[in-house]
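Heads up: the structure comes next, in structure tokens.
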Amino acid sequence: MAWTDRMTRSEWLVAIGLSGLMIGLVFSPALLSISLIFTVAVAVLGTPGGPPTYWRERLPDALSNSLFWGLVGLYLILLLGAPQTTDWGYYLERLRIKLPLLVLPLAWAARPFLRRSAGAPDPRASRACLGLVAFVAVVLAGVLINYGLHFAEFNDLIRRGQALPVPRGNHIRFSLLVALASVVGIDGWFRYRSRWLPLLGTFCLLGLHLLAVRSGLVTAYAGWAVVVGGWALRLGRHRYLWGMLAGLVALPLVAYLVVPSFRTKADYMRYELFHRDARQDTAEYSDQGRLASIRLGLDVWRDYPVWGVGPGNLEREMRERYAVAYPGVEAKRPHNQFVTALAASGVVGFAVTVASFLLIGFGSGRWRDPRFAAIWVVLTLSCLVENTLETSVGVSLFTAFLLAFAYPPKRNPG
């Protein structure tokens with residue numbers, strides 16, 4: 001019997017919803033929102049036995065699971081800040097943007113995604129991974145073809161601190177998705193003995209050097225290190241570790257010599273860090289601009305150390321401080337999710353944020369699975385250099401990947 005024949009109608013609907021969610025992450029915020037609502041609705045309503053079974057059996061299982069509370073905890077921080085709020089428009093926008101942290105875990109409770117059978121890996125899981133990585137690889141191929149057609153023009157953009165054009169213009173989120181796809185791809189060799197998954201994953205990793213987005217490259221390298229290292233230790237084949245270390249050292253050196261966009265970005269980063277003045281820097285994603293936003297975020301925390309300035313008031317507070325410290329420069333939130341938590345919710349919010357990340361990564365022994373550990377590392381590193389959880393794309397990407405590749409409730413890894 002074909003693997004598709006074993007899927008129920010509700011499983012097909014959930015698969016369609018998740019597919020729309022992935023496409024929406026790349027191309028369409030509207031499709032992303034529609035797919036999110038659709039996935040949650042069909043997952044809950046399509047529970048075997050109907051909603052009564054969901055409320056009586058599935059939801060209690062989720063409520064006893066550390067992953068559920070790790071994700072939901074990141075949403076509850078917002079609710080704790082309601083009494084401080086004066087800018088209600090911005091606060092309600094935060095509640096809406098971060099809603100996937102609350103509703104997707106509820107859908108996951110109804111129908112855990114990519115569940116594995118006790119024996120051989122479920123072929124549906126390997127096909128789903130292949131579909132995901134292939135989709136990202138095809139989109140990446142289109143971006144790189146466009147780069148080749150406008151080679152000189154796009155290299156000049158990189159020389160001026162800008163990025164290659166990507167769908168929707170968000171090169172950081174796109175590079176993060178490519179990094180995640182590369183990790184899922186290389187894991188497919190060890191987990192499923194697939195030939196196509198590692199090939200596509202390697203293409204995604206190499207393509208990141210042409211995109212020349214540093215956060216994407218760093219997170220991809222870290223993710224590959226965790227996957228290869230984890231499987232090497234599990235299988236007792238330590239030569240994988242040495243090969244990985246050699247590759248991670250050699251690849252950026254080779255890329256600097258042969259990939260113009262990578263070399264240009266590296267040279268620009270050196271100039272940016274040592275020669276540019278943040279007060280004169282108006283580039284949206286400049287290194288000096290990032291550091292300036294973090295410094296101002298820490299200044300906010302020093303003035304409001306315990307409870308922070310309030311999640312709903314942070315944008316206004318940063319705008320006022322930018323006007324004083326860097327007149328004429330566009331105000332930004334701190335380019336670090338944990339500094340954002342400090343500034344917005346103080347030590348209390350920072351502690352909840354760190355505890356939530358630790359619950360997600362280490363609760364119930366999930367760290368023992370190399371793929372999940374790598375995805376957690378990639379997403380955590382992204383939060384160290386960006387506000388991953390402050391945009392609808394970032395928070396949906398974060399929540400969907402962690403849920404899709406986690407173990408179901410009441411299931412130990414191994």
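Note that the numbers count up from 1, one per residue, in the order the chain is shown.
Positions of Cβ are set from backbone N, Cα and C atoms, glycine also.
Copied over from TrEMBL, here are the features:
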DOMAIN    203-353  domain 'O-antigen ligase-related'
TRANSMEM  12-45  transmembrane segment
TRANSMEM  65-83  transmembrane segment
TRANSMEM  95-113  transmembrane segment
TRANSMEM  125-149  transmembrane segment
TRANSMEM  170-190  transmembrane segment
TRANSMEM  210-233  transmembrane segment
TRANSMEM  240-259  transmembrane segment
TRANSMEM  338-362  transmembrane segment
TRANSMEM  374-407  transmembrane segment
| request: Compare 65-83, 170-190, 210-233, 240-259, 374-407 by their Cβ pairs under 8 Å to the transmembrane segment (12-45) and return the stretch that comes out on top. | output: 374-407
| note | Near the transmembrane segment (210-233) in space but 6 or more residues beyond its ends, with Cβ under 8 Å, are 140, 143-144, 147, 158, 163-164, 166, 171-172, 174-176, 178-180, 182-183, 186-187, 190, 204, 239-241, 243-244, 248, 252, 259, 261-262, 264-265, 269, 369-371, 373-375, 377-379, 381-382, 385-386
| Have the transmembrane segment (65-83) and the transmembrane segment (374-407) got at least three CB pairs under 8 Å, pairs 6 or more apart in sequence? | yes
| request: Summarise the model's confidence over the domain 'O-antigen ligase-related' (203-353) as a mean pLDDT value. | output: 84
| message | Under 8 Å between C-beta atoms and at least six residues away from its ends: which parts of the chain pack against the transmembrane segment (125-149)? | response | 3, 15, 19, 22-23, 26, 114-116, 164-167, 174, 177-178, 181-182, 184-185, 188, 191-192, 194, 196-197, 200-201, 203-204, 207, 210-211, 261
| request: Using a Cβ cut-off of under 8 Å, list the residues of the same chain at least 6 residues beyond the transmembrane segment (374-407) that approach it. | output: 18, 21-22, 24-25, 29, 32-33, 36, 67, 71, 74, 94, 97-98, 100-101, 104-105, 108, 112-114, 168, 170, 172-173, 176-177, 179-180, 183-184, 187, 215, 218-220, 222-224, 226-227, 230, 290, 333-338, 340, 357, 360-361, 364, 366-367, 413
